[in-house]
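The domain 'Helicase ATP-binding' feature in TrEMBL is assigned to 306-472. Per TrEMBL, Zn(2+) 1 binding site is recorded for 535, 538, 583, 586. What TrEMBL records for 544, 547, 570, 573 is Zn(2+) 2 binding site.
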Ligand SMILES: Nc1ncnc2c1ncn2[C@@H]1O[C@H](COP(=O)(O)OP(=O)(O)OP(=O)(O)O)[C@@H](O)[C@H]1O
Ligand SMILES: [Zn+2]
């Protein structure tokens, strides 16, 4: 029997910890409980062995082994090790992110008699109850009853003890404290189907309009609002979602009850089927129903051949917006299933693209499982077990779905692979796309990264021949890409003599689109009303108390439930405050509001187009999946003909009536201090342009810009992604930026400014003195956001040609920092950082 076990614990230390095996030898991949600086932590056994620790090192015994079998299969353990090494992250923290949540392996507590308990039982039998106990005679009797019940040594659940002896939890816990009993946690597989309530709008068809008319006038405003809400989503909605929506608009819960009593809404109970949504226009085909065109057929053939071959094969699918990538994904997934394998489809944010999941269910029925962060723990548990049993062979999910316990994984697809939300911005700071490629490698599976605007990293990998490039250069059914017109806002100012949010051309085109009965979308990529509140006298901006960030003004709206006097909001930490009467710095009364956000955009559009049916899509109007589904349903139905919103509107939506897209103020991001600024602007503008002209009618795009000559803008106008990447790659090569160098951002952070600066100068000196011929270090410098959520931030940017050299320096730096007593949690190591802010 091995004597020792190495455990990865979820603590920010780059090491594993050795414990003595205590009776039960854990299998590698099982969870264990281990003592750690006075606490009991749950970790994962990563190695069992007989290597005695060096003399003098005290080894504590494991407290408990929680699983009989490995919770994580070998390939996921290997993936965890790879992530820990690649991202220089503590293995325990990586594993914590990969493990199913506790609900997935829910544990209940059982009690077992302990040595001391037995002694009490026997002594008590001999001498009678102790007189000195502070407990009542009744409780003492109960304690004896419990000890008696457990005497045979079997563990019992609390519920069993309660019904047998009347003991309550407090009493049992008291006995645990006296060490008469031990309490143990037992894993319990939970995947019973749950029931859930659906609110259904009662059909009124047969009743005739008159009858409805007679009934409806009796409804009050709130009741009508609830009815409208349900009608907007096709008459059915999860009660849970409906309640959330009502709560937000301030309609009391009882309204729903009244409507049920009056027979206008029925409550149905169904076994919880997953809710995938499924917004699409009537008569529009599902992705799996299309006969693939030539480009799609070719793309599929390449991918399908790889699937048939078995073995790791990475692909980059570059397909312009509206080229029909979804249909290719679905066909490839079908091939994987036919070959007896499972398929994983990763999407950036499930709530933003409900149509995708709806189509998946249409195509694959109950083979589909869904994984994302908005699921309740029970829902997640159910999905997790269905996947692990092999019942669900098609999994769709966000970033962390890359750790799904798939059986015979044959195909991984990463849709919109360029999307920033694949990057996890907390430890472990992994990139879901890159982990997906590694996972496919470990599983000898095919991986497809798809996008109309692939990341430069992926494009360069295809250039080097590491990925097979598959291209779909035109839209389905020979639909043209929309014509893009640039409006030079400097000229606009010269000609009109005033600073306007919307140019004359944009107003004209919007007007014309609405008059033709078509739909228009306007991108205004900031939420709120004004994103800067500034003092005219001293020039100072009103900043967040916790962050070095300008606060955004949100205009009160009718029915707004937010507190008055809290109209300024920090979009980084959520802090709110009232609008000050005078400048906090100089006391001047001349504060003014600058920079229009989507809320102001909506207001201005209402003034300009009073007849338009305007909708807004941003984090303030769309808080969850239900909101998004409702908004998209109204767009598909044509109930909204003018939509304004933030980058959310650019995400994969396929609304055939949209023929015009206007872009306002999106090029300000070109000026951000981040080497990926041009790439991001290009991607956003191309993606949002891609929403126009996806139906029968051709589309048109108008981009308002102050940087008309910037190459990113020029290439957007020409729909020339390959041209853009070629130019951008040159610049990256020249500047030694990724993908021609590997990069890490190291942030030194502390609530105390002097610590942040002091530690960064200590590290800066170390970097200087250490012979770093293979790694270039920039910094220390104040991070672009120097204070965030009350924490001061200084940073270094490390660049290297070789990943190994970079990893080596980072690890050496962490060792040095440890020796200098710089706490590990004050150092953020972000390998392949996506944001340098
Ligand atoms: N072979 C086909 N024939 C006709 N229409 C098709 C075909 N394949 C897909 N479509 C339709 O073309 C439209 C665009 O497809 P899809 O949404 O998959 O594009 P995409 O490549 O994912 O674009 P984006 O990158 O903009 O999201 C959809 O309405 C889809 O139903
Ligand atoms: Zn803040």
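Quick reminder: no glycine exception, Cβ is built from N, Cα and C everywhere.
Local packing around the binding-site residues 547, 573, 586 was summarised as the count of other Cβ atoms within 10 Å of each Cβ; on this measure the leading residue is 547.
Within 8 A of the CB centroid of the Zn(2+) 2 site residues 544, 547, 570, 573, the other residues of that chain are 543, 545, 546, 549, 551, 571, 572, 574, 575, 788, 789. Ranked by Cα separation from residue 535 (Zn(2+) 1 binding site), the binding-site residues 544, 547, 570 are led by 544.
Excluding the listed site residues 535, 538, 583, 586, the same chain places 536, 537, 539, 540, 582, 584, 585, 587, 588, 590 with Cβ atoms within 8 Å of the centre of the Zn(2+) 1 site Cβ atoms.
The binding-site residues shown are 544, 547, 570, 573; of these, the one with its CA atom nearest the CA of residue 586 (Zn(2+) 1 binding site) is 544. Here residue 583 (Zn(2+) 1 binding site) is compared against the binding-site residues 544, 547, 570, 573, and the shortest C-alpha distance is to 544. Cβ-based crowding with a 10 Å cutoff singles out 544 as the top-ranked of the binding-site residues 535, 538, 544, 570, 583. Mapped onto three states, the DSSP output places residue 544 (Zn(2+) 2 binding site) in coil.
For the pair residue 547 (Zn(2+) 2 binding site) and residue 538 (Zn(2+) 1 binding site), the C-alpha distance works out to 20 angstrom. Checked against ligand 2, the binding-site residues 547, 573, 583 give 547, 573 in sequence order as having a Cβ less than 6 Å away from one of its atoms. Cα spacing between residue 544 (Zn(2+) 2 binding site) and residue 538 (Zn(2+) 1 binding site): 18 Å, rounded to the nearest whole number. Taken residue by residue with DSSP, residue 573 (Zn(2+) 2 binding site) is part of neither helix nor strand, so it is coil. DSSP classifies residue 538 (Zn(2+) 1 binding site) as coil under the three-state reduction.
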